[in-house]
Amino acid sequence: MDAATLTYDTLRFAEFEDFPETSEPVWILGRKYSIFTEKDEILSDVASRLWFTYRKNFPAIGGTGPTSDTGWGCMLRCGQMIFAQALVCRHLGRDWRWTQRKRQPDSYFSVLNAFIDRKDSYYSIHQIAQMGVGEGKSIGQWYGPNTVAQVLKKLAVFDTWSSLAVHIAMDNTVVMEEIRRLCRTSVPCAGATAFPADSDRHCNGFPAGAEVTNRPSPWRPLVLLIPLRLGLTDINEAYVETLKHCFMMPQSLGVIGGKPNSAHYFIGYVGEELIYLDPHTTQPAVEPTDGCFIPDESFHCQHPPCRMSIAELDPSIAVGFFCKTEDDFNDWCQQVKKLSLLGGALPMFELVELQPSHLACPDVLNLSLDSSDVERLERFFDSEDEDFEILSL
């Protein structure tokens with residue numbers, strides 16, 4: 001199995017193509033580039049995103065479960081990538097760049113440690129898979145974009161260093177009042193006893209010397225995830241321009257989705273092609289050294305990223321945004337409102353101030369969903385299910 005996987009992955013690396021020579025701008029997570037004058041900057045931006053792929057020979061999930069996620073963990077890895085981008089923006093900033101063999105700040109290794117393949121890392125494959133069991137997903141079962149978003153939201157409660165407000169907008173509706181209420185609420189640590197002792201905290205998200213308190217903050221940084229279905233079996237062309245504009249926003253975290261049972265993390269576009277990081281490469285698991293230093297080169301894509309036609313995108317996706325401040329959120333709202341002015345384009349979701357009366361009013365401070373709720377949402381959004389709503393065809 002390993003030999004076949006390695007052979008397949010070697011072929012995949014040989015197939016990567018350079019960017020096309022085009023006057024079309026390249027958009028990467030809110031940044032605009034020119035192929036002709038900024039190619040090195042494009043590749044540096046791509047290489048600075050955390051790239052999570054299949055891994056093998058990690059500690060068994062649940063003690064007796066799988067030691068590799070090859071063949072089933074691609075959407076989980078994409079969920080890790082979009083969430084890692086939120087943590088990078090939170091702790092390092094969007095303009096931070098990774099350089100091979102250059103010393104990085106401690107906060108970088110703290111972010112990376114939160115995703116290492118072991119049971120005590122906040123967003124590890126172990127935590128995601130085991131949290132998914134509580135939501136009706138057996139270990140080794142494929143996730144849709146909504147399911148992984150729901151699981152990551154629950155895991156974020158334990159990450160008091162990042163102190164994120166995670167909101168998943170359901171029913172294709174983003175309610176501004178709900179988000180403001182959530183982000184202005186201080187949430188105490190819910191998982192202080194769920195992770196190792198203080199001496200191990202640096203390996204799980206807390207940098208050495210970090211101060212973690214429950215002091216109220218005027219605005220907790222927002223991770224906004226919006227699961228969507230943009231067509232029946234293919235993406236509706238009327239959504240394409242709106243989708244492109246999502247990658248232009250400075251708050252963009254990208255998109256998770258891809259093709260049925262083959263997930264990708266989309267970070268931008270050029271012309272009519274999406275740019276993405278592909279998790280379908282199996283690499284050996286990485287263990288931090290005694291000083292919590294991580295050999296990190298395998299977590300960065302150092303070749304031109306993959307591209308695919310937007311028309312090939314499976315219509316089941318989740319779009320992500322990060323708003324570090326309330327001003328960022330207000331700016332994002334204004335940009336979304338302007339999208340309605342795009343000629344011939346359909347909005348992918350609705351932005352409203354208050355909860356519409358025809359929708360049940362959720363408890364926005366409830367940080368978990370029961371399994372029946374998750375099962376209902378999963379049936380609605382996951383691409384493998386045929387019972388879904390069609391948006392504005």
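The backbone N, Cα and C atoms fix where each Cβ goes, and this holds for glycine too.
The N-acetylmethionine annotation in Swiss-Prot covers MET1 and rests on experimental evidence.
Listed in sequence order, PRO25, VAL26 are the same-chain residues at least 6 apart in sequence whose CB falls under 8 Å from the CB of SER34 (phosphoserine). Marked as phosphoserine by Swiss-Prot on the basis of experimental evidence: SER34 (among others).
Annotation source Swiss-Prot lists active site, nucleophile at CYS74. Of all Cβ atoms in the protein chains displayed, 25 besides its own lie within 10 Å of the Cβ of CYS74 (active site, nucleophile).
The annotation S-nitrosocysteine is assigned in Swiss-Prot to CYS189 (among others).
ASP278 (active site) carries neither a helix nor a strand DSSP state and counts as coil. For ASP278 (active site), the count of additional Cβ atoms within 10 Å of its Cβ stands at 21 [all protein chains shown]. Per Swiss-Prot, the feature active site maps to ASP278 (among others); the stated evidence is experimental evidence.
The active site feature in Swiss-Prot is assigned to HIS280 (among others); the stated evidence is experimental evidence.
Summarising the annotation, Swiss-Prot assigns S-nitrosocysteine to CYS292 (among others).
Marked as disulfide bond by Swiss-Prot on the basis of experimental evidence: CYS292-CYS361.
Residues annotated as S-nitrosocysteine in Swiss-Prot: CYS301 (among others). In the three-state DSSP scheme, CYS301 (S-nitrosocysteine) falls into the coil class.
Counting every protein chain shown, the number of other Cβ atoms lying within 10 Å of the Cβ of SER316 (phosphoserine) is 26. Residues or ranges marked as phosphoserine by Swiss-Prot: SER316 (among others).
The annotation phosphoserine is assigned in Swiss-Prot to SER383 (among others) on the grounds of experimental evidence.
According to Swiss-Prot, the motif 'LIR' annotation covers 388-391, on the basis of experimental evidence. Across the motif 'LIR' (388-391), the model assigns an average pLDDT of 38.
Per Swiss-Prot, the feature phosphoserine maps to SER392 (among others); the stated evidence is experimental evidence.
Note on proximity: of the recorded positions CYS74, CYS301, SER316, the one nearest HIS280 (active site) is CYS74, by Cα distance.
Around the Cβ of HIS280 (active site), the number of neighbouring Cβ atoms within 10 Å comes to 20.
In this structure, the CA atom of ASP278 (active site) is 8 Å away from the CA atom of CYS74 (active site, nucleophile).
Residue environment of CYS301 (S-nitrosocysteine) contains 21 other Cβ atoms, counted within 10 Å of its Cβ in all protein chains.
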